[in-house]
């Protein structure tokens, strides 16, 4: 306990590296200090209660799964580096993160999913550009938001042609929005006509006792109907129920699913009457038929055009909408 002992402990402490260790599938973390990898392995086995039968353990960086088995590399690591102790036959996974960074795992998964989605959509265009017609508004917007350089690399095209492509995607969105607005105006006009006719008929009719039985309309549904199951996703059901002219925003596969649904089941899922659900299915049928005819027309033109293997990239007009 003399001066020599204090100095020795200070020299030992200077050589020790502070580390944080935990198991592969456990959120509990333990702080240990070690002067070398062997000492860190021994202390990790002790504080993490790893059975001797499951040794030797492998130490990997919790950040990216890098295996730390070189002494010099260990000495270069900063203090408080986080390690995951892998027992025999255990493997590190990118989904292994401590509870304090679970939100980061979710955001990374979302980014990866979004990146994978635009690449899948880009591959569809690479196979056949007429697939633009069959895409949903959401898919079109995903491709529009991709940087020119990334999309050009994926499609093996110049950035100039990619700009033309994205302008065309915007133009498709413009046309669908214009059609949606036109339908909304037409619906408002027809509703106004009905209201005007109703007012004129009431003025022309002589006063008479109200006939309440005339107000009862058979909608084809009753309060005893049970909600039927549907194969449509919640996202599609939300679009059908909330968006005006929803058939314009769905892709062709979703339109086919809507058409395959039983009208009564669709009405129950949306909380509508059968007449309104039937009108929706008819609108979806018309939109799908129109898209398929457009695709067939493009294929026919392409097959009869000599020396054209793909749609004319450079001839596409630019869109009115700004990115």
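Including glycine, each Cβ sits where the backbone N, Cα and C put it.
TrEMBL assigns the feature region 'Disordered' to one of the listed ranges (154-178, 179-203, 204-228), namely 204-228.
Which of 274-298, 299-323 counts as region 'Disordered' depends on TrEMBL, and there it is 299-323. Taking DSSP states H, G and I as helix and E and B as strand, the domain 'CIDE-N' (15-94) has 21 helix, 23 strand, 36 coil.
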